[in-house]
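Participant: Quick paste from TrEMBL:
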- LYS7, PHE8, GLY9, GLY10, THR174, ASP175, TYR180, ARG185, LYS210, VAL211: ATP binding site (BINDING)
- THR47, GLU74: substrate binding site (BINDING)
- 268-344: domain 'ACT' (DOMAIN)
- 350-411: domain 'ACT' (DOMAIN)
Amino acid sequence: MPVLVMKFGGTSVANLDRIRRAAKRVGVEVAKGYDVIVIVSAMSGETNKLVGLVDETSPLYDAREYDAIVSSGENVTAGLMALTLQEMDVPARSWQGWQVPLLTTSAHSQARIEEIPTDNLNAKFGEGMRVAVVAGFQGLSPEGRITTLGRGGSDTTAVAFAAAFEAERCDIYTDVDGVYTTDPRISPKARKLDKIAFEEMLELASLGAKVLQTRSVELAMRYKVKLRVLSSFEEQSDEAGTLVCDEEEIMESNVVAGVAYSRDEAKMTLLSVADRPGIASIIFGCLSDAGVNVDMIVQNISEDGRTDMTYSLPTDQVKRAEQALDVLKNDGGLNFQELVIDEDVAKVSVVGIGMRSQSGVAAKMFKVLSDEGINIKVITTSEIKISVLIDRKYMELAVQSLHDAFELEKA
Ligand code: ASP
Ligand code: MG
């Protein structure tokens, strides 16, 4: 029988009523003839609560115990979902990650999936089980301990199962009804997209459109898993939600698919560092060792063998970066004049695969910002994305005017 993967996020399983509602949807797919693998998150708020308990008990916690604790929320919802389905006379069974087993690396709290053997579940499907309810977010390390896949990891669990079982589709049920051209809270003209290409979704996901865990999109792209994002609170139909798919499946699309933003960005500039081989490696090696996630990087032209180096990073990592560079300066590893920090910036990006073949998108974007009197501080581009760093107070204005200028409200 064809396999369908259905993933329910925290708000979709927040209480018994919602679990029943979700179970009914599963029942509909079972009636259509699918064997269904249901992936569940913890009830909403539950994982945060567990993380809080860990922090309170041990600020410098042992990551193995962190995983043992924070993975438990999913165990509860998996069991409850299986029981609910049984109450509806649907043959269902719950599985924790280790029982499948979903094999991962031993990088606790950030583990990566290595393999999902299909024989255990398939044997049960062969015996008449119609729904396997699997606890998302968790797996088993080579050392035999429970691991977790990072916050939002149930999305990645779902896509990995869809790939392993060659599912027809992976439906991600959440509290929004799809992927939008931008955040509807910022631009009321934001439009739900019927389809979006993997690569566009990847850019939007990593730029802070929090619908899907970025890694789940990477995985879906690699294994060509058809992903659908839809709301568990609205009526079900075959066209509901947004399909994240291969670009070949999208006949016609706008040059720009969406405008993304990331609010809490900071910019740091090292004034007057030596311009010679090895300097960038020292700076960014030091930041990386300190656990700083650097995003945009710009190096100025040099004068008299010295240059300025600018980069962006999340605001909550500024202190860490500052400390690391201080240490580097004081121990003589790096000589620079001054470290200038700007903590009031935001990143705004336009994304679209159409940019590969159409020119003028950057020029138009800069014109729009200039017409609004918004100063651009840093620019970076990729094949399908243009990002700018601007003062945070102009972020909403920038998003709205770009959405208008590229007419994203129109299909
Ligand atoms: N429950 C986990 C979290 O809140 C995993 C997930 O829901 O995707 O991050
Ligand atoms: Mg999520």
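Glycine is treated like the rest: Cβ placed from N, Cα and C.
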Participant: Where ligand 1 binds, which of the binding-site residues LYS7, THR47, THR174, TYR180, LYS210 are close by, with Cβ under 6 Å?
Facilitator: THR47
Participant: As a check: which entries in LYS7, GLY9, THR47, GLU74, TYR180, LYS210, the binding-site residues, place their Cβ less than 6 Å from an atom of ligand 2?
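Facilitator: Among LYS7, GLY9, THR47, GLU74, TYR180, LYS210, near ligand 2: GLY9.
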Participant: Averaged over the domain 'ACT' (350-411), what pLDDT does the predicted model reach?
Facilitator: 95
Participant: What whole-number Å value do you get for the CA-CA distance of TYR180 (ATP binding site) and GLU74 (substrate binding site)?
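Facilitator: Checking the Cα atoms of TYR180 (ATP binding site) and GLU74 (substrate binding site) gives a distance of 28 Å.
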Participant: In whole Å, how far does the CA atom of THR174 (ATP binding site) lie from that of GLU74 (substrate binding site)?
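Facilitator: Spelling it out, the Cα of THR174 (ATP binding site) and the Cα of GLU74 (substrate binding site) are 16 Å apart.
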Participant: Check the Cα-Cα distances from THR47 (substrate binding site) to the binding-site residues LYS7, GLY9, LYS210 and tell me which is shortest.
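Facilitator: So, spelling it out, the nearest of the binding-site residues is GLY9.
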Participant: What does DSSP assign LYS210 (ATP binding site), in three states?
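Facilitator: Note: LYS210 (ATP binding site) is coil by DSSP, not helix or strand.
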Participant: What is the total of other Cβ atoms whose distance to the Cβ of GLY9 (ATP binding site) is within 10 Å?
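Facilitator: For GLY9 (ATP binding site), the count of other Cβ atoms within 10 Å is 25.
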Participant: Tell me, how many other CB atoms lie within 10 A of the CB of GLU74 (substrate binding site), whichever protein chain they belong to?
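Facilitator: A count of 30.
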Participant: Over the span of the domain 'ACT' (268-344), count residues by DSSP class, listing helix, strand and coil in order.
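Facilitator: Taking the domain 'ACT' (268-344) as a whole: 27 helix, 27 strand, 23 coil.
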Participant: Pick the one among the binding-site residues LYS7, THR47, THR174, TYR180, LYS210 whose Cβ has the fewest other Cβ atoms within 10 Å in this structure.
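Facilitator: Counting other Cβ atoms within 10 Å of each of the binding-site residues LYS7, THR47, THR174, TYR180, LYS210, the minimum falls on LYS210.
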